[in-house]
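Student: Pasting in a structure now, in structure tokens, and then I'll have a few things to ask.
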Amino acid sequence: FIQDFSKAMSQAGSSQFQEVIRQELEYSMKVELDKILATAHSNEIEHTKKDLEGFKKLFHRFLQEKGPSVDWGKIQRPPEDSIQPYEKIKARGLPDNIASVLNKLVVVKLNGGLGTSMGCKGPKSLIGVRNENTFLDLTVQQIEHLNKSYNTDVPLVLMNSFNTDDDTKKILQKYSHSRVKIYTFNQSRYPRINKETLLPIAKDVSYSGENTECWYPPGHGDIYASFYNSGLLDNLIAEGKEYIFVSNIDNLGATVDLYILNHLMNPPNGKRCEFVMEVTNKTRADVKGGTLTQYENKLRLVEIAQVPKAHVDEFKSVSKFKIFNTNNLWIALSAIKRLQEKNAIDMEIIVNPKTLDGGLNIIQLETAVGAAIKSFENSLGINVPRSRFLPVKTTSDLLLVMSNLYSLNAGSLTMSEKREFPTVPLVKLGSSFTKVQDYLRRFESIPDMLELDHLTVSGDVTFGKNVSLKGTVIIIANHGDRIDIPAGALLENKIVSGNLRILDH
């Protein structure tokens, strides 16, 4: 008994001690944030205050929560009817008044990211992906086509970050005559934290010059608060809009789907969903994607970062968790407003560690938009075809969407009918292709890839015009060697290595 008692006492002592440390950390953080706020100009005070308040809440939760926030034993497969097959929803067809349904919709694109991972400066949405069209061009073309076809007024809303806002706004002028109303709002700007001291590394509010590394946009889960705070949410509700369709701007498969929209607006059982997440079947390439599970009687998105170490392999298994989140989401505006006003949107914190150029270790506290699914009523997953998930994260992805695997029509990419199987080839381009400008320099024209299954390219390799690739093609130039694939070459089930130059004379 005495042993148990002393053990209980020491545990109480340690939790008391932890509480004291937590309070001290929160107090120190508050002092630092107040100092930062004091450096704001009068026209910046209001929004800086909102940002820092939001950050304080997140920091408070970060100090309360420890370790992965998922109890693995509670994870269950979602009930059958909670994830509907897309075919079933499509089979219901469309009503005659689809235009009136479309007029209740707003398209929201997450546009906070920079093109740095592909070696580009500025917003990722301004990278050219097809026939000189950027991600943003294709998005505007898709919605314009919809508005013209159905004589509707579906607006486009861009959630920018402080990194992308200026450049995006400059470019928006070119769409002033298009038949799409375009609105923007900014997501929050939060201070990065020193990993050791857990204090902000910023000393003042400015975020230019040497201060650019002190701040970050806190992930797309920030959409609920910043959309609400911007006033745009209320304006759209006042205009009679009811649903937003949210997706990443670099997912070229995320077009407005009339069947899903109809299912939302005219549910078969009469009860509307407040939140729909499009999921699709996992392949070996998607093992890290977040998955939908049943947890404490609610649908819940579980990300790899929340999985206890011992269960990571199980999480990645394609047999147990068959689907993953595409981040194409349909959400009721009135529900966002209700939950935001009650401060009732609960999203797990993602702790993102980074090392800055100078070697300083920092952490960013982020949230993911799909994690809020458990806060909404009557949520649903829809298992959509893989074609609705076509993200361009790397130049390997870019090669696929620029190739003849796809045809472009009114801003939408569709798989070519000449491709005999519905999956895309697996493409792995080496580090010489990472930056868009290097990648473009290495292809005189994009190869014919209709019959390609797998392509691996490594080292100093260039492609001439009108090359055809079929089956499995592996091209490896060893260090110091160079391989030039000549114009008009056909490579079918070939491994090319060593040094190859064919010179025209």
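Glycine is no exception: its Cβ is also placed from the backbone N, Cα and C atoms.
This is the feature table in TrEMBL:
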- Lys124, Gln187, Gly219, Asp250, Lys393: UTP binding site (BINDING)
- His220: substrate binding site (BINDING)
Student: Could you work out which of the binding-site residues (Lys124, His220, Lys393) has its C-beta surrounded by the smallest number of other C-beta atoms within 10 A?
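Tutor: Fewest other Cβ atoms within 10 Å, among the binding-site residues Lys124, His220, Lys393, is found for Lys393.
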Student: At the Cα level, what's the spacing in Å between Lys124 (UTP binding site) and the residue listed as 'substrate binding site', rounded?
Tutor: 15
Student: Quick one: largest C-alpha distance among Lys124, Gln187, Gly219, Asp250, Lys393, binding UTP per the record, in angstrom?
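Tutor: Greatest Cα separation within the listed binding residues comes to 21 Å.
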Student: Work through the binding-site residues one by one (Gln187, Asp250, Lys393) and name whichever has its CA nearest to the CA of the residue listed as 'substrate binding site'.
Tutor: Gln187
Student: Which chain-mates of Asp250 (UTP binding site) that are at least 6 residues away have a CB under 8 A from its CB, listed by sequence?
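Tutor: Those within reach of Asp250 (UTP binding site), by Cβ under 8 Å and sequence separation of 6 or more, are Gly113, Lys124, Ser125, Phe135, Pro391, Val392, Lys393.
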Student: On a count of neighbouring CB atoms within 10 A, which of the binding-site residues Gln187, Gly219 is highest?
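Tutor: Buried the deepest by this measure is Gln187.
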